[in-house]
Amino acid sequence: MLLVIEAMNKALRRVPAWPLYPLGALPVLWLFWQGVQGGLGVDPAKAIEHRLGLWGLWLLIAGLAVTPLGRFAGLRLIKFRRAIGLLAFFYILTHLLVWLVLDVQIPAQIWADIVKRPYITIGMAAFVMMVPLALTSNNWSLRKLGPVRWRRLHRLTYILVPLGAVHFVMVVKGWQMEPFYYLGIVLVLLVLRLVPTAIPARRRALKS
Amino acid sequence: AGLGAVKSDYSTMEEPNPLEHITSYNNYYEFGTGKDDPARNAHRLTTDGWQVEIAGLVDKPGTWTMDDILKGTTLEERIYRLRCVEGWSMIIPWVGFELSDLLNRVGVQPGAKYVAFETALRPDEMTGVGSRVIDWPYVEGLRLDEAMNPLTILATGLYDETIPNQNGAPIRLVVPWKYGFKSIKSIVRITLTEDEPPTSWNKTLPNEYGFYSNVNPNVDHPRWSQATERRIGGGLRAPRLPTLMFNGYGAQVADLYDGMDLSKYF
């Protein structure tokens, strides 16, 4: 197991992070293309909206998994985290725009929904928290803020990701399990951050 | 081979959705919660030898085969608007007959005030009932006067052909002035009762889904507005249309609710 992780770390060292941006944008383009072509069924706007929300949540979870994977498995993914986070923002922003433009459509209704519907209020709050994080996900901001303040600001992910998962739990009809699984994964990833660092796997990984 | 359904004055003049829309976008949670799940999974349902038990406060309780039910009825085409509680709508050319026909044949006893319906529960055939999204079997109900209204039909066909499984074969209810979930599918039991029967979505989330569930643009669902709807089939830019009170069937049904506070009895 450790050998595998070592090999992966070695291989990943040679992989640049920048291709994640164009690669991450491809599914969104493909989704809209499918929607125009009729490949998403008879209600393409909803299909795009739901899929972007789900994929955005996957990316948020992936971003949240980077630190625990490093600490407990020794897998070094930190250099990809910025791209993962910015892609998550891009997916959720597109999800929000599809909701505004293709789904709700009526501006007065949009504001009414945001203030009156708790699941939308929560989703919106999570999105608003993502904005400063996306804006400061660059080297200049990191230098300007300094690592301590930057890290403190980016702890907003610990609030906004579970809010995103709760938004999913609240939007479905009846007692569907899928959104609860995601909320569970998010909570596990957060709780892992409270576990002390002195875990054998890490020490071994550090020694090698 | 068409069913030869006769036209009806109750049909809307609006252009029906193509069959492909009606059969590929369904809520039938017994076959999965995705809109495309029923089209994929409902072929497992065996409708041969289907029987409907009619029980409760009726003169002639018993078990009816589909032949018994259809004997002596005239099938009509009813092109109705369908408004889902989720905020989308379609125009559907159902084929069926008035529920009152059947109820009159079994003889409704004076004490009966409600009609309860139950969907088949077949874990071997229904791929979705393994998860408890709601409490199975699916049950629904109407007040007797709602059930006797000429708009209320039992549908056995669609586009003048036998109704596909994902749309509720072999026999389903259609109540066009109520949200779609009231129109229970694949009926195996009809019971005339004195008391208001339990209904599935009301049991699951009573603050979101009432017994009546009349289409009403003025009473929001707690999680979304019901003022407008998206007509299925308009593509990526399908516009929102205003939702009509009683789904546009007020002339036929509004008097059923005279004096009732419809925000309380939602």
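Just so it is clear, glycine is given a Cβ too, placed from its N, Cα and C backbone atoms.
Whatever TrEMBL says is automated annotation, not expert-curated.
For A:15-33 (among others), the entry in TrEMBL reads transmembrane segment. Proximity of distant same-chain residues to the transmembrane segment (A:15-33), defined by a Cβ-Cβ separation under 8 Å and at least 6 residues beyond the stretch ends, is recorded for 40, 48, 51-52, 55, 59, 79-80, 82-84, 86-87, 90-91, 94.
Residues annotated as transmembrane segment in TrEMBL: A:53-72 (among others). The list of residues near the transmembrane segment (A:53-72) in space but at least 6 beyond its ends in sequence, with Cβ under 8 angstroms from a Cβ of it, reads 24, 27, 78, 80-81, 84-85, 87-88, 91-92, 95, 157, 160-161, 164-165, 168, 182, 185-186, 189-190, 192-193, 195, 197, 199, 201-202.
For A:53-164, the entry in TrEMBL reads domain 'Ferric oxidoreductase'.
The transmembrane segment feature in TrEMBL is assigned to A:84-102 (among others).
The transmembrane segment annotation in TrEMBL covers A:114-135 (among others).
Among the features that TrEMBL reports, transmembrane segment is placed at A:156-175 (among others).
Listed by sequence, the residues of this chain that lie at least six past the ends of the transmembrane segment (A:181-199) yet keep a Cβ under 8 A from its Cβ atoms are 57, 60-61, 64-65, 67-68, 71-72, 158, 161-162, 165-166, 168-169. Annotation comment: TrEMBL describes A:181-199 (among others) as transmembrane segment.
In the predicted model, the domain 'Ferric oxidoreductase' (A:53-164) shows an average pLDDT of 96.
Under DSSP, the residues of the domain 'Ferric oxidoreductase' (A:53-164) split into helix, strand and coil as follows: 100 helix, 0 strand, 12 coil.
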